[in-house]
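According to Swiss-Prot, the features are:
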{"type": "TRANSMEM", "residues": "74-94", "note": "transmembrane segment"}
{"type": "TRANSMEM", "residues": "113-133", "note": "transmembrane segment"}
{"type": "TRANSMEM", "residues": "152-172", "note": "transmembrane segment"}
{"type": "DOMAIN", "residues": "160-284", "note": "domain 'Fatty acid hydroxylase'"}
{"type": "MOTIF", "residues": "173-177", "note": "motif 'Histidine box-1'"}
{"type": "MOTIF", "residues": "186-190", "note": "motif 'Histidine box-2'"}
{"type": "TRANSMEM", "residues": "219-239", "note": "transmembrane segment"}
{"type": "CARBOHYD", "residues": "N256", "note": "N-linked glycosylation site"}
{"type": "MOTIF", "residues": "261-265", "note": "motif 'Histidine box-3'"}
Amino acid sequence: MDVVLDVLDTFVFDKLYALLLPAKSFDLLDQDSVVDYNSHINRYVTLTPSQYAVESSLARDNILRQFLSLFITIWAFGLLLYLTTASLSFALVFDKRAMQHPKFLRHQIRLEIGQALRAMPVMAALTAPLFLAEVRGYSKLYDFPTGSPFPLYTYLQYPLFIAFTDFAIYWIHRGLHHPAIYKRLHKPHHRWIISTPYASYAFHPVDGWCQSLPYHVYPFLFPLQKAAYLGLFVFVTIWTVMIHDGEYALDSPVINGSACHTIHHYYFNYNYGQFITFWDRIGGSYRRPNRELFDKQQRLQQTEIQRQVEEMERLVKEVEGSDDRCYEQDTKKTS
């Protein structure tokens, strides 16, 4: 993130802070030469800082400025990536017939987006300290493959990242289903029994932050190339949208894809993993998706939907006690 911050400082934040918090004339003499700025990005490509780099009372290395800049960056980038990927998935992939399911909520799309938009600034504020620690040099991130522990690690870092984060998220997610925690933190995400791509970030903000922690903790524990970290950050966002897209293209006993995660939303206590089914199998929480899900005709047959609804209603009563959701079909019946 230090490389990203160099770029954003040069093109956005230097001028913004100079306008909002201009430096006094004697402060300008105390600041380091602009020659030392952009040291992170300059390892890749030369980027000359503008005159604004020294014209703010908050220098680039000021911890408050770095926190604010990271907060804005995480929020804006996360929002853009969420809206773009979820909208593309909804338009091109999501089976709109799912919106006719008896458990699809009234105004659900609007509610999902609203929940995500409210959660994102809080999640960004909670995540910014971790990125701040990275920027200030406390992580094990490195720039080039030559900085890896050994040559093969350049390739191993990806499966190692997936393995570590999937293990950690499994236990965090399973913990969020504990009765003492579920209703306060995780229930808002399970409001969407029939999820759409917009449900991917429709969390309680603390829930979303908890489940993202393994991604941000990883580079403090293990070496990771900076470019790989940014790429994995984008991949995780897209993957989170994909497992809510309702397109069950992958019938795999290993990959925890959309079908597996749909079972989790349907029936609550299964398939807690994020990427693979290994820890669900070890923990006894794996449930193989029904064959009907992979057939576009059978999945919407009345007998299959009725079977789903009966089990859903039983489990909602078991897990939540009562169902306070407002379903679209119930609204139509009373109108």
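For all residues, glycine too, the Cβ spot is worked out from N, Cα and C.
Sequence-distant neighbours of the motif 'Histidine box-1' (173-177) (same chain, 6+ residues past either end, Cβ-Cβ under 8 Å): 185-186, 207, 210-211, 268-269, 272-274, 283, 285. Away from its own ends, the motif 'Histidine box-2' (186-190) comes close to residues 115, 176-177, 199, 202-204, 207, 265, 268, 320 of its chain (Cβ-Cβ under 8 Å, at least six residues beyond either end). Long-range contacts of the transmembrane segment (113-133) within the same chain: residues 1, 63, 66-67, 70-71, 74-75, 78-79, 82, 139, 188, 191, 198, 200-206, 208-209, 212, 216-217, 220, each at least 6 residues beyond the stretch ends and with a Cβ under 8 Å from a Cβ of the stretch. The residues of the motif 'Histidine box-1' (173-177), classed with DSSP into helix (H, G, I), strand (E, B) and coil, number 4 helix, 0 strand, 1 coil. Beyond its flanks by at least six residues, the transmembrane segment (74-94) meets 109, 116-117, 120-121, 123-124, 127-128, 131, 196-198, 200-201, 234, 237-238, 241-242, 245-247 of its own chain at Cβ-Cβ distances under 8 Å. Broken down with DSSP, the domain 'Fatty acid hydroxylase' (160-284) shows 84 helix, 4 strand, 37 coil. The average pLDDT computed over the motif 'Histidine box-1' (173-177) stands at 97.
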